[in-house]
Amino acid sequence: MCGIVGVIGLPKDEILHRILLLLTLQQNRGQQGSGVYLVEFSSGQNPFHLNVPGLVNRLATTIEETLAHGWPEPVGDVGIGHVRYSTSGGDDVSCLQPQVADVDGSRIVFAFNGNIVSWKRRALALGLPPGITDTLFILELLKRSDPALPTIERIRTVFETLQGAFSTIIVWDERLYAVRDPACFRPLWLGQLNGGWVIASEDGALRHAQTTVIRPIEAGEILAIGVNGLEQSTTLHRRCEHNRCTMEVSYFSRPDSSTTSRTKSNGMIRYQHGRLVARAWKKSGRMAPIDCIVPMVASGLSAGIGVAQVLDIELRLAINRNPFVGRNFLEGRQTASQHISLKHSIDPFMVEGKRVAVVDDSLIRGRTARTTVAELRRFGAIEVHWIVATPPFRARCFYGLDTPFSQELLAHRDDETRDETALAADVAKAIGADSVFYLPFEDYYKSFSRSASCCFSCFSGEYPADNAPDEDDLIGQRCDISPLPLEC
């Protein structure tokens, strides 16, 4: 899961600022590194390309430092940017994007969000080195595509052969291209600003940056944009069912973005999930006496409001988030629990002597939950119950979430005889809570108005038949996992 941005047709001295702004507004999509690439077509000057580990503000600071040392201000006719959340390649700085490749006397610049399945054997057959990422694999295919074809057809012939999730921005032959997989796993949007064109992962980021949201990039679409405007749109021939990621709605995307609905934001749907899980908890007969509802900030806030309203129990913002703690500062210096303790702080005056129900959007590995429960007890909470506004996260994702080891997942189905109540009890024991309650899968499924067009694989363990992982995906679990990829 990454965030991507492409800008073309704005004044040359505005491109960099616009990219940095939109990357910052999509920082939720990746914190391991960020990068930017700008090129001015007519000047003959070298393009500006910089990838750095860390948050976007570190990228901006590095650019400011280069200017202070006398470098010319970066300008361009087109630019793309990327924030990284790794699903392959770990924390290797060389895996930061945008990635660049020279081919046939021109240059391909590539920013990718997603994860390809069923490609590793093809990579070996092409003689590519073991351990190559899917991003570099696609770049290699583009380099080897037929140079006699128009550029948009070269792109189409490559992406036609790929399975899995890909939302991609490419700069090639003085044009900006946007490509989206036929299943629509990952979001990608087209916007317009002052006569220029902007591509971004999230419509919420576009709106916040005063950019008019035009439309999503459609299923299987390849859109070509030149400096004078939209030029061409074509579609991949391969067809498959739409599988928009529901975890985009519940966890990854901004709450003001619209991932699966044209009429509801993700935040509205998370609020609805909070109301649904509260009703299910009451109906289950397992609801404990509670003094206050405490949402995880900011991930569980929308759902927490919904829970508090249905149960008519006081909502208390007793867990505060430190926005200045980034992952990269702590890598190699802190344990995961120390990192989470710095990232979240407890207000003891709100929880001392209270029976607390914490509401969060998801529960995957349990790192944040385990540390938070211990901290709440340390500050005087007499009971801690954990309410999850999604179903149990049971299965690995092959389409962009960093979940390479099944045994890391708290709700993994290692025992097929274990029912939902036993599962919740086991998870509660694992995180140290008095109880855990999940939103039932059927309620979650029905909450999406077009459920057949969404992906629920991480909850159901059933993968889309036309984008299913192959044997290499299933057994080829990475050994280079980032220290703190998915904290929940």
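In case you wondered, yes, glycine gets a Cβ from its N, Cα and C as well.
TrEMBL annotations:
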- Cys2: active site, nucleophile (ACT_SITE)
- 2-228: domain 'Glutamine amidotransferase type-2' (DOMAIN)
- Cys245, Cys397, Cys455, Cys458: [4Fe-4S] cluster binding site (BINDING)
- Ser299, Asp360, Asp361: Mg(2+) binding site (BINDING)
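Look at Asp361 (Mg(2+) binding site): DSSP puts it in coil. Counting other Cβ atoms within 10 Å of each Cβ, the binding-site residues Asp360, Asp361 show the lowest value at Asp360. Looking only at the recorded positions Cys2, Cys245, Cys397, Cys455, Cys458, the densest Cβ neighbourhood within 10 Å occurs at Cys245.
Cβ proximity to the [4Fe-4S] cluster site centre (mean Cβ of Cys245, Cys397, Cys455, Cys458, cutoff 8 Å) flags the following additional same-chain residues: Phe185, Asn243, Thr246, Met247, Tyr399, Gly400, Leu401, Phe456, Ser457.
Of the recorded residues, Asp360 (Mg(2+) binding site) and Cys458 ([4Fe-4S] cluster binding site) place their C-alpha atoms 17 Å from one another. A separation of roughly 18 Å, to the nearest angstrom, links the Cα atoms of Cys455 ([4Fe-4S] cluster binding site) and Cys2 (active site, nucleophile). Ser299 (Mg(2+) binding site) has a Cβ environment of 23 other Cβ atoms inside 10 Å.
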